[in-house]
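The feature transmembrane segment is assigned by TrEMBL to 20-41, 53-73, 85-109, 116-137, 157-177, 325-343, 355-378, 390-413, 425-448.
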Amino acid sequence: MMEFLFSQIHSNMKSRGEDLLTAVVPLMKLLSLTVIGLVLAHRKTQIIPKSTFKLLSKLVFALFLPCMIFTHLGQSITLKNFTLWWFIPVNVVVSTIIGCLLGYVVTVICRPPPEFVRFTIIATAFGNTGNLLLAIVGSVCHSADNPFGPDCHRTGVAYVSFAQWVAVILVYTLVYHMMEPPLEYYKIVEEGTEIVEEQVPVNDISSPLLVGAEWPGMEDKETEHCKTPFIASVFNISGISQASLPDVELQEGGGHSPKSIRCLAEPRVVRKMRHVAVQTPIQHIMQPPTIASLMAIIIGMVPQLKGLVFGDDAVLSFITDSLDILAGAMVPSVMLILGGMLAEGPNESRLGIRTTVGIMIARLLVLPLIGVGVVYLADKLNFLILGDQMYRFILLLQYTTPSAIVLGAIASLRGYAVSEASALIFWQHVCALFSISMWIIVYFRLLLSYV
């Protein structure tokens, strides 16, 4: 009897130890790649200059990432799967909404400087649902004895890629406008009869690797009002005088006489909203990863096209094989770039230690806990694919990652909170090494108990 009891205890301890190793080893692989990037880019060694890392980030964005998305999403997607996977993009929106609410709670509790209230909310809300998730999936599925089966990598990458277009739309709409320079950073200097607009410099720093680490080139896509409090000027927020705001022309409509169209003119509020929509750079959503996602979805859902491109007997299989080889460079490149970004260290920040810690607690600890509840509720409501643990794992990971690195690029584009974004993302990614490891252990325990 005692021998049986000891054998059971030993078996349980061995099983828990194996589960722990299964969860931690993938993160240790990613950490090793990150450390290599940090050593290569560190200012004391300077083995590889910053310019090389920036070129590598462009290769990831324009080549490696689209190749990975196209080859894996195209193989997995079908018309039936398209209808089954609907909760993945919805979950990105739900996690962002919950994150916004958590960010507001952080502003109430931590009381950041007034000019950084919106930054605090969006930094808490918008996480890295792209490159980092793909890196985690690639690391988890790298070993043959992974807990998700032989199709682990292909299905995992397909699930992550399926939500890419939603994240891109959120970046160029919600994140773009939430990162608008506040009125406190903008002033009009009057000299005689001439009004000269000038923006108070927020942070005069050289462009860090962070700015182009995830979406290189975004900071160059400036528009006429990207560095001005545009929405405040259109809607006259805060009730201040329009003379203290930049001029924004609201056209009544073509070259017709105002009297002739007065009866048909749209309400002023609608006209203002339309003007804001026109100034939203939504045209930039057609980036290489988005194009790769759309092409994969279209080809994957048409059996005739899919038969030509994907499969061992496909006529164009040599092209997809070549793309798959290029896709293999994505994960190590992303982690090397992350190491290079961390090697630069944090910039000075006026956000405050209390607010910085508050954002990290909300983003890395509280939001994943809420995410477990959301995914559990969705499972009970039969929104999820029955028995697909990788599907649930991706949904949970969408709540777990730190703030998106692309916030640094948006901050640079809009000239607002540049060094604050850099410092916050640095400290979040340092702490995320431990928080993601912890949550992956939790997720494995929750998911594998139902396998």
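Just so you know, glycine gets a Cβ as well, placed from its N, Cα and C.
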Given the cut-off of 8 Å on Cβ pairs that are 6 or more apart in sequence, determine whether the transmembrane segment (325-343) and the transmembrane segment (85-109) share at least 3 such pairs.
no
Could you pull out which residues elsewhere in the chain have a CB under 8 Å from any CB of the transmembrane segment (390-413), counting only those six or more residues past its ends?
85, 87-88, 91-92, 95, 119, 122-124, 126-133, 136-137, 148-149, 152, 155-156, 159-160, 163, 167, 171, 175-176, 179, 207-208, 210-215, 218-219, 221-222, 226, 341, 359-360, 363-364, 367-368, 370-372, 374-375, 378-379, 384, 420-422, 424-425, 428-429, 431-432, 435-436, 439-440, 443, 447
Establish whether the number of Cβ pairs under 8 Å between the transmembrane segment (355-378) and the transmembrane segment (20-41) reaches at least three, counting only pairs separated by 6 or more residues.
no
Should anything in the same chain at least six residues away from the transmembrane segment (53-73) have a Cβ under 8 Å from its Cβ atoms, list it; otherwise answer none.
37, 41, 130-131, 134, 153-154, 157-158, 161-162, 164, 209, 212-217, 287-289, 291-293, 295-297, 300, 320, 323-324, 326-327, 329-330, 333-334, 336-337, 340-341
Contact set, same chain, for the transmembrane segment (20-41): CB under 8 Å, 6 or more residues outside the stretch:
47-48, 50, 53, 135-136, 139-140, 142-143, 146-147, 209, 331-332, 335-340, 342-344, 433, 436-437, 440-441, 443-444
